[in-house]
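TrEMBL has this to say about the protein:
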ACT_SITE  B:S149  active site, nucleophile
ACT_SITE  B:D316  active site
ACT_SITE  B:H349  active site
BINDING   B:R219, B:D350  substrate binding site
DOMAIN    B:45-353  domain 'AB hydrolase-1'
SITE      B:R318  site 'Important for acyl-CoA specificity'
Number of protein chains: 2
Amino acid sequence: MSISNPTVPQTFNASTPLQLISGSVLNEYQLVYETYGQLNADKSNAILVCHALSGDHHVAGIDADGKTGWWDGYIGPGKVIDTDQFFVVCSNNLGGCRGSTGPTTINPQTGKVYGADFPIITCKDWVASQNELRKHLEIDQWAALVGGSMGGMQVMQWAIDYPNRLRHAVVIAAAPKLSAQNIAFNEVARRAIMSDPEFHEGRFLEHNTVPKSGLALARMLGHLTYLSDDMMGSKFGRELREDKLQYNFDVEFQVESYLRYQGEKFATKMNFDANTYLLMTKALDYFDPAADYGHDLSKALANAKAKFLVVSFTSDWRFSPQRSHEIVKALLDNDADVSYAEITSEHGHDAFLLPNAHYEGIFANYMQRVLDDIKTAEVAA
Amino acid sequence: MSISNPTVPQTFNASTPLQLISGSVLNEYQLVYETYGQLNADKSNAILVCHALSGDHHVAGIDADGKTGWWDGYIGPGKVIDTDQFFVVCSNNLGGCRGSTGPTTINPQTGKVYGADFPIITCKDWVASQNELRKHLEIDQWAALVGGSMGGMQVMQWAIDYPNRLRHAVVIAAAPKLSAQNIAFNEVARRAIMSDPEFHEGRFLEHNTVPKSGLALARMLGHLTYLSDDMMGSKFGRELREDKLQYNFDVEFQVESYLRYQGEKFATKMNFDANTYLLMTKALDYFDPAADYGHDLSKALANAKAKFLVVSFTSDWRFSPQRSHEIVKALLDNDADVSYAEITSEHGHDAFLLPNAHYEGIFANYMQRVLDDIKTAEVAA
């Protein structure tokens, strides 16, 4: 079944307060989500896709603004995640800026936008709120949880916190926790935003402004870490913007022009909220499921019941294959059912979003397995 | 001969105008430099050390402010570059902020500090100005040129531009040109400085201010790229600043605290000039000696007469061993006399400044060879 465009976001209004890991409580919140495909009669074909730092609920199809979903290449009729077979759900994370409750939402206690008052959110909180959405959709068990990068971390957290609520976990280009270097990059990005005078300690919307320049800087830096040195070399090399060297501080090389454009676009055209960016990077920093289990990832994953597909990309230096090995090893310590693929790609961390025959083949094969499990269960029932 | 402390900077006032690659001309300029050890009778034991981005002329000994030279661990009596044997010279680069003519110098044409009006400087310009210093010191030929990182690039440029003026070239942790990723990191750092409202288009000193926050950000980012992921992992891991997680936007992890401190120190205590930082990163971007030779590094190095020692460090991802291989390969294409060492270190790019027995052994051995060449020449004369 083809996706009916434009896609229509739906809203789930949570009826129970959410106790956050930080100690704060969200008495009311909403999650915006999209769905594609048809939920089958016994509600066994539902897949939850979790998004990464700058992503949102619009993962496939074309929305009312004409925007294509961020993973549309992989989700749709006949695609890797086949909407002719699966019912696919994706929600905007709590703390986001695309419709789910976050820093740009009106705080019911003050009547003003939350801004800097929005509480710190962790991966566990996201998963807890997504579990409320699951109940609302009356889905007993997800056929699979799927996510790349920060999305993959949510998948891991689901497998640990709600082991009976998913049958398969697809963890792509992720890590079991951030390294010191990862945290350091996030911290530089946060400094860029917070030291922009337009930040106003996070109350910029009350001042009718946004820390555009800080946010653009943060995005330039983030984007840079998603790309590999080799890929940037083959895409831009040392190509000049003009015919010859200008010897001034304007943009000289194509790669500078590209990065500036990415930063500008994010801060202006995409209108991403700076507080959301801060919250998402913090949630990444805090993600460390092993911490609750004596810093032993194998123990953390001991209760997981899902079958796993773990995927990494050779040129990803943000979350390198080595980090995926840590996940695979911890799963094997528990004799878990785990498939692992290390995909050759020059596209760095971004590879998980891009076309790649080997990756698509392995991913599609695994989704067929997810489908077979559904059919076997139907026959058995 | 021990270095006489405090070290005393000297000044060379250039008497001939310097035609810069950018097209500008510096009618007058000065270079501040320090020397250690004794120039021998036939002036054959002189070594020029070239500094990196944030370095200066104070490379060894202790200056009047009590500050130890930036490579003091390697230069001094009985050390790798033995001041009992060699006469060591190090000058602050043109465009610097430690005494040589640069953005903080009074522009004789306006009576105000140069600030943003200081012309773009390239590696070729540095080498040309250092060659004037050589004449001033009446040194016919350097026994060796030595430099790490940006310093190593100057050594290469010397070997190409003034092949008869050096007998040995020691190129450490360098690259024959910056990659797109290298340029991108520089560009983000420059954006951080230039988007600080205190930057005032480079005329901040006229406004009695400095773009402290932008400069601190640039330094945090730079520093981050000098360290390896592994080293940051073993030094900081995910250690917390407080006993437990705080769940706020203050410093949470030790690595954040460390980076902020490095940034603050650079921008305030060290009082590094923001325009100098911009100029140095630009000179790095522009460095590409092969460009003048049909983009063929082997052709560029064809005229070089020096013997080479090239050194790289395994965990250096800023200028990786692969980049040194390019240099070595181009030298071998010319049947040059080249020694190459790839040093195992977890300290990333910073390794070239740090203690390491293997590195010190190879470096000291090579310097013995430089010394032997001097003695052989003396016997022959």
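Glycine too: its Cβ is placed from the backbone N, Cα and C atoms.
Since we're looking at a predicted model, the values are computed, not measured.
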For B:S149 (active site, nucleophile), which of these recorded positions sit within 10 Å, Cα to Cα: B:R219, B:H349, B:D350? B:H349, B:D350
Students should find that the Cα atoms of B:R219 (substrate binding site) and B:R318 (site 'Important for acyl-CoA specificity') sit apart, in Å rounded to an integer, by 15
I want to check the contact list for B:D350 (substrate binding site): same chain, sequence separation of six or more, C-beta distance under 8 angstroms. What comes out? B:Y226, B:L227
Taking only the Cα atoms, work out how far B:R318 (site 'Important for acyl-CoA specificity') lies from B:H349 (active site), in Å, as a whole number. 6
Which ones in the same chain are close to B:H349 (active site), with CB under 8 Å and 6+ residues apart in sequence? B:S149, B:A173, B:T225, B:Y226, B:L227, B:F313, B:D316, B:W317, B:R318, B:F319
What count of other C-beta atoms do you get within 10 angstroms of the C-beta of B:R219 (substrate binding site), across all chains shown? 25
Rounded mean pLDDT for the residues that make up the domain 'AB hydrolase-1' (B:45-353): 97
